[in-house]
Amino acid sequence: MARAISPCIFCQIAGSSNSTPLLHSDDKVVAFKDINPSAFRHYLVVPVEHIPTVNDLQRRNEDYTLVSHMINVGETLLRRDAPQSNQYRFVGFHQPPFNSVDHLHLHCFALPFIPRWKQLKYMSLGPLGGFIEAEKLLEKIKPCHQSLHRCNEITVGFLSHSEL
């Protein structure tokens, strides 16, 4: 008999089964304040559907649309709640093994980092992972028809000159 797996904390928040106050809620995502903020404003935007990490996203419309929506929600909240912040569009995702919760979540910051050293948690470590800025993740998961030039570069090698 299969053992029931208890949902992760972000699934509980998205399902409104705990007392976390939500800043935003719709059929795709919820947003709330980080319980250990690293900046002047630090919000998390999480999908309602359980998606473990950025590595589970694929180059398809559904994933691209979801991440775009997450970014829009986060940026809207930051503009609303921290209009005086000059650098409020700092948003991104931790990549395994550096993610603290195995449920996709977008970090949205109105800077400055508090204290300043916390910015180290949100740096890219290149091929080792670390933090990926949201726009870079979007580029990685952009469906081929939306980045036709890149997809053509990949497939051109399989076409004869007469097909080009």
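Backbone N, Cα and C define each Cβ position, glycine as well.
Under the heading active site, tele-AMP-histidine intermediate, TrEMBL lists H107.
According to TrEMBL, the domain 'HIT' annotation covers 9-122. Across the residues of the domain 'HIT' (9-122), the predicted structure has a mean pLDDT of 92.
According to TrEMBL, the feature motif 'Histidine triad motif' maps to 103-107. Beyond the ends of the motif 'Histidine triad motif' (103-107), by six or more residues, the same chain brings 8-11, 34, 42-47, 50-54, 56-57, 67, 70-71, 74, 91-94, 122, 131, 134 to within a C-beta distance below 8 angstroms of the stretch.
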**OP:** With an 8 Å cut-off on Cβ-Cβ distance and a minimum sequence separation of at least 6, pull the same-chain contacts of H107 (active site, tele-AMP-histidine intermediate), or say none.
**Re:** D34, H42, Y43, L44, V91, G92, F93, H94, Y122, F131
